[in-house]
Amino acid sequence: MAEHPAIIGFRWSHAQSWGSTWPFLVSFLASYALFAVALHLLLRLLRLKPLPLGPLPALHSLAMALASAAIFLGLLLSSAAEIRDTRWYWRGRARTTPLQWLLCFPLGTRPSGRVFFWSYAFYLSRFLHLLRTFINILRRRRCALAAVFRHSAFVCMSFLWLEFSQSFQVVAILSATLAQTIVFGYRFWVGVGLPAASRSGALLVLACQVALTGSNLVCHLGFLLLHFAKGGCNGIGAWVFNSVLNAALLFLFVDFYVKEEVRRKTGEILEDDTGSDQHHHSA
């Protein structure tokens, strides 16, 4: 996971890496959004009942949990190897500390090597994650535009991390994959019929989301301090754009939970991902 030649020699290339061009990104996300909306409208027009998908949702959760766990472990080991090998230095400055390296890549960093291999794996896993949208539409005949935007934003952000060798991505990927391993592992647990408390899933997802948001906020502040103290971090333009997307996602997250709490207090029951009558919370 850190010493294989394919991992060490990885290079983000428009000619060799699948999905690495801007036309592909724009056309794919546009097609994804249009198809999701069209499928939702078709099901509403036909007034079909939620379609039974059998073990597909549980298998998707298992695939996401395993992929996230592999990326988390691979990136963790690769980061340790990069720090050990002292591959990246600040030009003309003292040796970079591990914390500085995790938050702030030196100017001129290229998207190649161990870390960017796992960043590319995370980017590819976003396409697997998009299947969740269609699973939810088929089972609940509901197309949440907020969910389509959220999933598209994650694909776009992970693309920018690679395209501009953006700083901060190591911490972001580690925290995201750790949270996803827990959440999708729990969804698989429930999906195969294993016992779980009625509200534990909602609390677990909320706890992961709050922890992820809090850690990212602290790391963003650390990144800004390093950017101005060290004379610049690589990919600051992409970081600004990603920060805007993160702010929009945070707004959607807060808005969802406020509305969900209002519904809970008024006694409205929503259907969760397992199809049982529980209060639904999405990650």
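The backbone N, Cα and C atoms fix where each Cβ goes, glycine too.
If you check TrEMBL, you get these features:
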TRANSMEM  22-46  transmembrane segment
TRANSMEM  58-81  transmembrane segment
TRANSMEM  143-162  transmembrane segment
TRANSMEM  168-189  transmembrane segment
TRANSMEM  201-226  transmembrane segment
TRANSMEM  238-258  transmembrane segment
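By the count of Cβ pairs under 8 Å, the stretch nearest in packing to the transmembrane segment (168-189) among 22-46, 58-81, 143-162 is 58-81. Residues of the same chain lying 6 or more positions beyond the ends of the transmembrane segment (143-162) and with a Cβ under 8 Å from any Cβ of it are 12, 19-20, 25, 28-29, 32-33, 36-37, 39-41, 111, 116, 119-120, 122-123, 126-127, 129-130, 132-133, 136-137, 169, 172-173, 235, 238, 241-242, 245-246, 248-249, 252, 256, 282. When Cβ-Cβ distances below 8 Å are used as the criterion, the transmembrane segment (22-46) is approached by residues 130, 133-134, 137-138, 141-143, 145, 148, 151-152, 155-156, 159 of the same chain, each at least six residues removed from its ends.
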